[in-house]
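Heads up, the thing below is written out as structure tokens.
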């Protein structure tokens, strides 16, 4: 009986250890523990656990993570600019550095009062973007905080809103199509004036009489593999952030390589009811269909 109990205790301990190794959460709800301002420090407003970024006719503002990461999930809760936000852009994204950088973008395009926000997503691979999709949200993102997440595994990149997938970009390297897999990425957010293109193609300009424009943040979470060594090579980072005999990461688990049936249905619903632009179907821009669009199962 004693040996059985000891075996049971060991099994529980081992299971707990494996779960802990699979989680490896670098997570916090406090801005200062994960991020730092990068420009216009005087346009930051701290109110308890909330952070507000201010845009006026002098400047916008931005922040970035203190570390870079490979694979995982990053989330922030944002309440977007209320009222007449035409000409403004609030962005939340991950990016590496250099001319061949990788990047995953959420860009929230402001609009005139009463008109819906447009969410634009884009993906850069080896320095090449032009993979925009645009959609209308199924709620008013200015009335409350909502969760926006980037979910990155060796198999795919998934953009999520309140845990609902709105876009999935698959790894199609087996078809000769590059995939962002070997560059550690920082996490960024900013608000700025982009009235040359953001609202109705630049036809509607920013009305500065409504300034300052405020984007509010809370719930900062990073569940990812931290790559603190600035001099580490891509191979070093890939080895560090891949599962092996000594550690298991959730982003390498088979169940994380695909959407669940429920998530697949959610993504189809978003595409059918809220997608308003997809570069894959823009034959004016791309007379030849981009290679990933031929094989992607959106």
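The chain as shown is numbered from 1 upward.
Each Cβ is built from the backbone N, Cα and C atoms, and glycine gets one as well.
Listed in TrEMBL for this protein:
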- 103: active site, nucleophile (ACT_SITE)
- 107: active site, proton donor (ACT_SITE)
- 1-217: domain 'GH16' (DOMAIN)
- 111: N-linked glycosylation site (CARBOHYD)
- 1-28: signal peptide (SIGNAL)
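The two recorded residues, the residue listed as 'N-linked glycosylation site' and the residue listed as 'active site, nucleophile', have Cα atoms 25 Å apart. A C-beta separation below 8 Å, combined with a sequence spacing of at least six in one chain, links the residue listed as 'active site, nucleophile' to 93, 94, 95, 96, 122, 123, 124, 129, 185.
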